[in-house]
Number of protein chains: 2
Amino acid sequence: MALKQISSNKCFNGFQKVFEHDSIELKCKMKFGIYLPPKAESGKCAMLYWLSGLTCTEQNFITKAGFHQAAAEHGLIIVAPDTSPRGCNIEGEDESWDFGTGAGFYVDATEEPWKTNYRMYSYIKDELPKLINANFPTDPERMSIFGHSMGGHGALILALKNPGKYKSVSAFAPICNPIQCPWGKKAFGGYLGSDLSKWEAYDATHLVKSYPDSHLDILIDQGKDDQFLSAGQLLPDNFIAACTEQKIPVVFRLQQGYDHSYFFIATFVNDHIRHHAKYLNA
Amino acid sequence: MALKQISSNKCFNGFQKVFEHDSIELKCKMKFGIYLPPKAESGKCAMLYWLSGLTCTEQNFITKAGFHQAAAEHGLIIVAPDTSPRGCNIEGEDESWDFGTGAGFYVDATEEPWKTNYRMYSYIKDELPKLINANFPTDPERMSIFGHSMGGHGALILALKNPGKYKSVSAFAPICNPIQCPWGKKAFGGYLGSDLSKWEAYDATHLVKSYPDSHLDILIDQGKDDQFLSAGQLLPDNFIAACTEQKIPVVFRLQQGYDHSYFFIATFVNDHIRHHAKYLNA
């Protein structure tokens, strides 16, 4: 599990780095971004994992979100992986922008030709944290997760499927109920086949119904003018209804005038980092 | 001088917009970014012009610098133009990354085949502010300028050649003495020909020697690990020596460990906006 450093840039007295490694789960080379706050020079830090959305790589969040100052101040290591396996030369992987390359959807595929490489769920859950903990000054017990759009879906399902693993979870404009929206149907159909019980195992709105306790404060920001909200791709109402029924606390903020872009994320990312720091640095 | 809106994204309660227009000076379509802070909804705002560096467009600063929160708080309109004429189909314009497209150098070219379109100095000095003042809630009397690398050169020469026009000036890793560095020699030779007196008219270190008064506080941040500093492209020492001789106040901060990237800019952009707000909102 050797790491190759691709770049290193000082930022707010810490370092934004990008590394490449050979992934065992995904059977390809993967890159991830990692921000090491100034505190990482002298002690162990809690970790906050960021999952990006459709079409993104490890670059979008680290160049556009403007999170470095807050991460430096709260002493958090921020890990921003790529969204999908790369360079696998699977037939059709580059045909759509919302399936295949750039659209891993954070599931473990069970169908050909995807099941060999498209194992983003296990990669994010196990392989990447193991790699991060082995190579950086982390406290493995203190870990949280957040993400955007497809990555908001990823953050929610990882937290809901693994009670206790993450101290907190939050999302920007997450795909809340993928089994009910066009993006999710296309992705889950392709990666998981036609058995709907396999789809439900990766759907936040379904998963929350069997979440065992209420020790999870969820923060969601959603732009009210988000084109994908009105297109029925995100379906936060379904998720909120399920949380309400289950008595899981959700702070859902519908932000007037904001869209699906990184300008929206940049505006509220400090609030999210503060939300996570409350649990990670408690 | 009609404006066509290309994009509009809400950000920190204001709007980051991009417009396109037909430039009279440059004889081509040009884009610029403009951030309208919340204050612009109810009153006139001061303006801060940002000039980007080599290879950049209007996108780099608005997506990567993380300046929106500070601009919103200080109520400043931030204008980020493109760096060079586009789509002029001049032979050789795309041959080098440091000359032609993406490398306008903020001069008015006098040589063929550049002199028809490459008039970035006049575009930034006259045409663009006129357009901005005609279309947005600005106070035309309150205007400042800053930039990065080639754009830092641009900001310094615009301020030094036009005493009183800008309330303040600052720069990140500016090309301080272009007539003495490889980038500048290539650009000025191409755009201005072999007459060195024409080169001096666009060189900050030369211009400061005849600057008429000392009512200009200059702030410069320079990464100590900037590869272009060690390559002799930036030459801040020459500029500081000229300022010292002329008794022009310069705050020059050599930032340990920082490079030439937008991670460096993002780290210190709040300080620069505060520097300008002090003069613009006085």
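Numbering starts at 1 and runs along the chain as displayed.
Positions of Cβ are set from backbone N, Cα and C atoms, glycine also.
Caution: TrEMBL annotation is automatic and unverified by curators.
Small disclaimer: the values here were computed from a predicted structure and weren't measured.
What TrEMBL lists as active site, charge relay system is A:SER149, A:ASP226, A:HIS260.
The distance from the Cα of A:ASP226 (active site, charge relay system) to the Cα of A:SER149 (active site, charge relay system) comes to 11 Å.
The two recorded residues, A:HIS260 (active site, charge relay system) and A:SER149 (active site, charge relay system), have Cα atoms 8 Å apart.
Applying an 8 A CB threshold to same-chain residues 6+ apart, the list for A:SER149 (active site, charge relay system) reads A:GLY53, A:LEU54, A:PHE172, A:ALA173, A:PRO174, A:ILE175, A:PHE228, A:LEU234, A:HIS260.
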